[in-house]
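Peer 1: One structure is given below, represented as structure tokens, and several questions about it will come after.
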Amino acid sequence: MVYVLSANAGSSSLKISLYDTTQPPHLILTSSLSNITAPPAKFTFQRVDSAVQNEELSNVHDHASAFAHFLECLTKEAKIDSETVVAVCHRVVHGGDYTDPVLINDEAFHHIEKLSDLAPLHNGAALAVIKTCLTQLPHAKSIAFFDTAFHRSIPAYISSYAIDQKIAKQRGLKKYGFHGLSYSSILRAVSHFLQKPPTSLNMIVLHLGSGASVCCIRQGHSLDTSMGLTPLDGLPGATRSGAIDPSLIFHYTNKAGRISHNKDNAVHLHVTQAEQILNSQSGWKAIAGTTDFGDIIRRRTKDSAAQLAFDLLTDRILNFVGSYHLKLGGQVDALVFSGGIGERSQELRAFIGQKVECLGFTRVDQAKNENVDEKTEVVVDISASPGPKAVLVCRTDEQLEMAQHVTNLISMLGDKRLLSFMRLPTALVLLLNAALTSAQARTALAVGFVQPGHTPNPPFFTIPSATRLAISVAVCSGTTNSASPRFFVTNSSSTASPGSGGGENVFEIVLDHGHGSWTGVFPEGGVVGVEDAGDTRFEIGVSNGVPIHEVISTPPLFGDSTASQALLFSPPFSAPNQQDPTYPKYILPPGNLSAAIPPSNPINFTVIVSPTSNSLTSMQQTACMLKTQNSTGVVAKEGLWMRDSSGWRMEWLFTGLTAKTNYTVYAIESGYKVAGPIFFTTKSPSFSCPLVSQVPYCPSVGYATPLPPPPNPLVSYDGSSLPESISGPLISSLTNFTTSLTTFACGRDLYSPLVSCADCQRAYRTWLCTISFPRCADQDTSPSSAALLLSQPPNARNSAFPAGSNYTQLLPCLETCTATDRACPNFLGFRCPSPRFNAAESYGVGYVDSGADGVHGHGTPGMWSDNFGNVWCNSGQ
Ligand SMILES: Nc1ncnc2c1ncn2[C@@H]1O[C@H](COP(=O)(O)OP(=O)(O)O)[C@@H](O)[C@H]1O
Ligand SMILES: CC(=O)OP(=O)(O)O
Ligand SMILES: [Mg+2]
């Protein structure tokens, strides 16, 4: 077994964790040294499976001696051979312009050393640990990870100081920001907890330890942070002043104050001493005489100095929370407490939580806040109720953050190769450095998330380990004929760069119309490689269920159109929760059915409507491609509706379309799955029938009927705006029919193995609604068969519809009638006219079933409409 060690040299502590090299790494043991700034130092050592050992060490007073003591315990107490430690990760607070982790060599060591002036409490401590490692663990590779790296995304207008920009550039005088490893660990953990991709998270994170800072994270990147050129700026700390008026330096002592007015005496001004005072002799140590904030909390009610330290820190925290809330435009997913104080002080959390309620943050729940210490989860939600602005506590883990990068690399290279690297001369160590840097540059995919973008350099994406994952890709630009990128996936840890060259367990993800997916096991993680991508945009999704990118086999549904409107439905996504009644409670739904209760968390659909002349069908048939195409028209109404037994659908009423135009429709589910295309045609400009839908007692009606224009400002009719003259007789017929039907012993005796009385009632309802709501046809676009069209008036079947207007009615499909005949008990006497004799007088005959009687219609046998939404007879939908 080989191990990875992570060392985190904080200003008052040294935290060390040992991990195995699995992916993700398992913690083997932890050790810490705290109170370095207030001796005697406290040392702890704990194997995960045994009790913690505590010691007060009078001979340990700095990070180097603490680390040496730890190594002793590692071999003597834990019996771990130090030769089995293959890599040591070091948290280095200031990395200057280093943005990636580096393998420690002479150059890197001196770079970190040079930056020590800018992190006087930290870089020196990290270097001391690194030095101890180089001498005592000569076979292990030391790798430095930088706190500053996370903040490279801070824009120049925020990171610049208002000073001479030439000097600022020459000397690197700008805001760097710190606690970056902690912030990336928190971002990863909260993203997992809230089930949101890191790139969609906006957070205000408080890292409150001996050094305290705040970070404003916008879409997963640091936008601003309270520390600056050095970790002295921003919030006060255990021994640090935090932000002060810079002139204070010249007025801190009488001497300095006097000198500042007298140039001749300026030689006595010791700026370095000022820096030392502000870094090491200020903060709550200077105010309350302790570096232990827990002590301040305990003393504050009796001790005004402790109260001042508490009030001062919380006041400065609020300054940052307020301004970062504003910078995020109020769009904040969470306020997160972390660091020694943030994770342990319920008093501070309660105080800040109460103050930020006015910004819309969820109230902090007293019990949840008090019980954080008893929870073992990484993220604990202390909000009183679920809300958009949660208040969370996150146990940050800078050591794990570093170890994960290294074990990821090891899993890609294979332990053996890393071990053999260790015996190679320095020149080849540079190779490892290059491999490490490129491994860092590889984009990591996360389960449940989609990675958008172009090909990164190098063009590889790492996949986390999991028993079973579906990797899906979608090409977001080009046509189905243009050359597409090729995607290769491997689940073998011995293949680091899968591609067309093959290799162990390399599989190509074959694309179809821009989509592709591969499902398999990833016990050691994996890699996706991309070839021939050029400038093509694409997405890669990782899921432990069905592939994130998919074509949905059920297309969207077209209801009906007018000259400028269209009624469209998504594919069904939630099965109806209707159970047929059983004996003895054989109660059928009432005639005046009320609308069913829609599902509380419907699937999110987006609909795209585009003139067919725009040729959307020749483009890549992926959501990311189609979403870039402008949808025509305006969604005037949007809602959930269950029109048939297939279940709930989204319903959209589009307005603003052009008459007599062919349109193409897609529905996109949850941003990534595509349903469609379907096509429809708008009616001619003279078409005057308005659309009717969402009628609870006739749920399947969704088409144009011969009614006057709906009253302003309505654009269509629904159940509430229909005249009583239509609904009244219909509901009373349904009620009477239902009463007659329940006299039949539907449930007691087996009425039919195929149908029930509930089926009979549903079929009758559909038939009655079809008869009661005539469907208008467009004379111009309807099939040529005049036999299907009944000019109105005077022959309106339903006298409630106003006579006199100029429209053409489609005859009901005969099959809507025969379906009722088939489903209902004989004694009800429901009969339909015979196709052989008089059916064609009042029904459209021969369009759905071509008919045993040999009756052939003019439409497509077996269908009541064509692919462009032209309808041959009124089926009632
Ligand atoms: N129960 C507690 N309540 C408030 N503060 C605490 C408590 N326990 C520890 N602390 C504070 O946490 C700080 C250490 O935080 P930590 O993040 O571990 O430090 P570092 O900045 O050295 O990494 C100490 O300064 C101590 O004051
Ligand atoms: C940057 C910094 O202040 O770190 P820490 O809180 O670990 O001392
Ligand atoms: Mg720390």
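Yeah, the Cβs are placed from backbone N, Cα and C, and that goes for glycine too.
Taken from TrEMBL, the feature Mg(2+) binding site covers N8, E398. Per TrEMBL, the feature ATP binding site maps to K15, H207, L208, G209, S210, G211. Per TrEMBL, substrate binding site is recorded for R91. According to TrEMBL, the feature active site, proton donor/acceptor maps to D147. Marked as site 'Transition state stabilizer' by TrEMBL: H179, R240.
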Peer 1: For the binding-site residues G209, G211, which Cβ has the most other Cβ atoms within 10 Å, all shown protein chains included?
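Peer 2: The most densely surrounded of these binding-site residues is G211.
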Peer 1: Relative to the Cα of G211 (ATP binding site), which of the recorded positions N8, R91, D147, H179, E398 has the closest Cα?
Peer 2: H179
Peer 1: Beyond K15, H207, L208, G209, S210, G211, what residues of that chain have CB atoms within 8 A of the centre of the ATP site's CB atoms?
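Peer 2: So the additional residues around the site are G10, S11, S12, H179, S182, A212, G237, G339, G340, I341.
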Peer 1: How many other Cβ atoms sit within 10 Å of the Cβ of the residue listed as 'substrate binding site'?
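Peer 2: Excluding its own Cβ, the number within 10 Å is 27.
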Peer 1: Roughly how many Å lie between the Cα atoms of H179 (site 'Transition state stabilizer') and D147 (active site, proton donor/acceptor), rounded to a whole value?
Peer 2: 5
Peer 1: Using all protein chains in view, find how many other C-beta atoms are within 10 Å of the C-beta of R240 (site 'Transition state stabilizer').
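Peer 2: If we count other Cβ atoms within 10 Å of R240 (site 'Transition state stabilizer'), we arrive at 27.
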Peer 1: For H207 (ATP binding site), identify the closest of the recorded positions N8, R91, R240, E398, judging by Cα separation.
Peer 2: E398
Peer 1: Near ligand 1, which of the recorded positions R91, D147, G209, S210, G211, E398 have CB less than 6 Å from any of its atoms?
Peer 2: G209, S210, G211
Peer 1: May I ask which of the recorded positions R91, D147, H179, L208, G209 have a CB within less than 6 Å of any atom of ligand 3, listed in sequence order?
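Peer 2: Once distances to ligand 3 are taken from each Cβ, G209 fall under 6 Å.
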Peer 1: I'd like to know which of these recorded positions, K15, H179, H207, is least surrounded, judged by other CB atoms within 10 A.
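Peer 2: Counting other Cβ atoms within 10 Å of each of the recorded positions K15, H179, H207, the minimum falls on K15.
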Peer 1: Which one is it: of the recorded positions N8, R91, D147, L208, E398, whose Cα lies the shortest distance from the Cα of R240 (site 'Transition state stabilizer')?
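Peer 2: Nearest in space to R240 (site 'Transition state stabilizer'), counting only the recorded positions, is L208.
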Peer 1: Say you check the Cα of R91 (substrate binding site) against those of the binding-site residues K15, L208, G209, E398; which is nearest?
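Peer 2: If we rank K15, L208, G209, E398 by Cα distance to R91 (substrate binding site), first place goes to E398.
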Peer 1: What is the interatomic distance between the Cα atoms of the residue listed as 'active site, proton donor/acceptor' and E398 (Mg(2+) binding site), given in whole Å?
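Peer 2: About 9 Å separates the two Cα atoms.
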Peer 1: Based on Cα coordinates, which of the following binding-site residues are within 10 Å of N8 (Mg(2+) binding site): K15, L208, G209, S210?
Peer 2: K15
Peer 1: Near ligand 2, which of the recorded positions show up if the criterion is a Cβ under 6 Å from one of its atoms? Options: H179, G209, S210, G211, R240, E398.
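Peer 2: Going through H179, G209, S210, G211, R240, E398 in sequence order, those close to ligand 2 turn out to be H179, G209, S210, G211.
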Peer 1: Determine, to the nearest whole angstrom, how far the Cα atom of E398 (Mg(2+) binding site) is from the Cα atom of G209 (ATP binding site).
Peer 2: 13
Peer 1: Three states by DSSP: which one describes R91 (substrate binding site)?
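Peer 2: R91 (substrate binding site) sits in a strand per DSSP.
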